[in-house]
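Participant: The structure follows.
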Amino acid sequence: MNALNYLKHRFLFSKDKFWYAPFKQKQRRSIYSTFSLIVLSFIVSFFLIVAIPGIKGGTFLEIFTRLFKDRINIENFARQIAIYTLAALAFSFCMSVGVFNIGISGQMMAGANFGFMMILKVFPESFRPAFGGQIITILLMILGSVTVAMVVAALKVFFKVNEVVSAIMLNWVIVLVSAYLVGTYIKPEKTDTSQFYSIELPDAFALYNFSDVQQKYGWLTSLVIAIAAAIFIAVLMKFTVFGHKLKSTGLSVTGSQAAGYSVKKYQFLSFVISGILSGLLAAVVYTASFEKQLTFSDVGDFGITSVPITGFDGIAIGLIALNSPARIVIVSTIISFVTIGAKPAGLNAATASLVLGIMMYFAAIYNLMIYIKPWRMIVKLNISKMNEAAYDEFQNEMAANLETLSFQRFLDKQKRKHDKERMVWFDTKRFEEYQKKKQATLQTFHENSSQNLLQYWKQQLLVADVKRLTFKWDFLTFKHQQKYILRWYKGKNKKQTALENEFASLNEAISQKLEEK
């Protein structure tokens with residue numbers, strides 16, 4: 001029971017810290033903004049689909065449901081999540097350090113090309129390990145990707161060449177060189193004249209057949225790699241000194257230099273780690289599906305017209321997710337629904353691309369919400385404009401209570417260390433003190449808000465112009481605010497009864513005045 005009680009208090013404390021702690025404000029706003037805009041993009045996409053002749057309104061919902069009726073679609077969906085996640089992680093890691101790695105596509109292609117060339121041309125045909133071939137593939141592709149990433153890093157760090165320019169140039173160089181090597185050395189003897197691809201990778205080296213037990217489970221292996229990479233990056237950036245130094249470098253180069261950090265070192269290392277993630281991405285893209293080939297279908301086959309779009313998808317997702325690994329996984333999942341679910345739902349490629357573009361555009365303009373402040377509009381709607389000051393005071397009081405609790409727990413811990421006392425497990429004393437302060441703060445806020453609302457409308461009853469067009473709307477809003485405030489008082493008590501009576505008499509007086517009009 002003590003353990004459960006402690007966990008309950010701990011959960012409530014963490015929840016309050018998220019809602020009221022000042023240092024969580026930016027995180028709260030970014031989550032509100034991203035969530036609001038994703039919902040808005042769903043609404044706009046729904047009406048867009050409904051407006052297209054011949055497409056039913058239920059088609060939008062089928063994007064998220066119909067793909068689960070087919071095993072192949074489910075596998076493609078899981079694999080697509082892994083691809084988007086790894087691409088976004090590769091971009092976002094560099095972005096956290098203040099460098100814009102636009103070369104994910106080229107680094108991925110370089111890693112894939114190096115891995116295929118080594119396995120198909122350098123390794124003897126008799127070398128087909130019973131176990132561990134996939135690890136060799138991953139290591140080879142990481143080596144190829146990291147090499148290219150280090151070239152971009154060296155140009156940026158040592159020669160002051162803009163990383164965007166050098167990465168874009170290298171993207172094209174790598175795609176064209178890869179096409180030449182594939183066409184010259186590892187192209188199948190008999191092939192479709194309209195398509196351009198390499199020889200299949202042997203099963204012993206492909207993620208598609210990871211083991212005898214996991215044959216054709218490349219989608220699962222891909223998902224495990226992506227989730228493991230996201231967890232690793234999250235832990236590295238949040239809980240390690242190295243991660244904090246990387247973030248510090250991204251936040252302020254001059255500040256990091258003043259603190260004694262080698263900015264060049266951390267920028268270079270960020271490219272290296274991004275290259276490792278690009279190598280993992282290459283393994284998933286080119287060896288985790290049943291083709292197991294280095295294909296050029298997404299860049300124009302024989303007439304190469306572009307670089308792989310995978311890296312640019314990762315840039316969009318990384319920016320939408322604000323470079324957070326957890327949010328990258330969530331956004332990748334949402335985008336994958338549209339990418340994979342559009343075809344089973346009956347949407348053509350153009351409509352699917354339009355829906356995807358709308359979702360990405362809306363989610364990417366989250367900064368607009370900082371000025372619109374939808375969360376503030378909801379507060380105004382529920383407790384009225386005149387209670388904004390009371391709400392701000394309540395937030396400040398809650399933040400002070402949280403800070404006091406954190407500081408008291410820290411002092412208790414230091415005192416135990418100093419006095420060499422035994423650790424008291426599941427001690428809830430400080431949490432209980434905090435809950436009492438919280439209840440007192442809530443009660444004060446509720447009473448102040450109720451009285452402010454009553455006083456305002458009593459004054460409105462005397463001076464307001466009921467002929468004003470917006471008066472009826474204001475009165476309806478007032479009724480909503482009454483219900484919202486009365487929900488604060490749990491169970492029947494004298495305060496709630498008195499408040500209900502005051503609201504009822506005020507409503508009656510306002511209604512009579514409206515009838516007199």
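The count begins at 1 with the first shown residue.
Backbone N, Cα and C atoms are what each Cβ position is placed from, and that goes for glycine too.
Okay, so Swiss-Prot annotates it like this:
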| type | residues | note |
| --- | --- | --- |
| TRANSMEM | 35-55 | transmembrane segment |
| TRANSMEM | 81-101 | transmembrane segment |
| TRANSMEM | 102-122 | transmembrane segment |
| TRANSMEM | 135-155 | transmembrane segment |
| TRANSMEM | 164-184 | transmembrane segment |
| TRANSMEM | 223-243 | transmembrane segment |
| TRANSMEM | 268-288 | transmembrane segment |
| TRANSMEM | 302-322 | transmembrane segment |
| TRANSMEM | 328-348 | transmembrane segment |
| TRANSMEM | 352-372 | transmembrane segment |
Participant: Using Cβ atoms and a strict cutoff of less than 8 Å, what residues sit near the transmembrane segment (35-55) while being 6 or more residues removed from its termini?
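Facilitator: Beyond its ends, the transmembrane segment (35-55) has Cβ neighbours at 334, 346-347, 351, 354-355, 358-359, 361-363, 365-366, 369, 374.
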Participant: Most CB pairs under 8 Å with the transmembrane segment (164-184): which of 102-122, 135-155, 223-243, 268-288, 328-348?
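Facilitator: Stretch with maximum Cβ contacts: 102-122.
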Participant: Near the transmembrane segment (302-322), which residues from the same chain, at least 6 beyond its ends, have a CB less than 8 A from one of its CBs?
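Facilitator: Same-chain residues near the transmembrane segment (302-322) but 6 or more away: 30, 34, 83-84, 86-92, 95, 102-109, 171-172, 175-176, 179, 194, 196, 278, 281, 285, 296, 328, 330-332, 335, 360, 363-364, 366.
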Participant: Counting only residues 6 or more past its boundaries, what in the same chain has a CB within less than 8 Å of a CB in the transmembrane segment (268-288)?
Facilitator: 79, 82-83, 86-87, 89-91, 93-94, 96-97, 99, 101, 104, 107-109, 111-112, 115-116, 134, 137-138, 141-150, 152-154, 156-157, 201, 205-208, 218-219, 221-222, 225-226, 229, 233, 246, 294-295, 310-311, 314
Participant: What parts of the chain pack near the transmembrane segment (102-122), using Cβ distances under 8 Å and only residues at least 6 beyond its ends?
Facilitator: 87, 90-91, 136-137, 140-149, 152, 163-164, 166-168, 170-175, 177-178, 181-182, 185-186, 198-199, 201-202, 205, 274-275, 278-279, 281-283, 285-287, 294, 307-312, 314-315
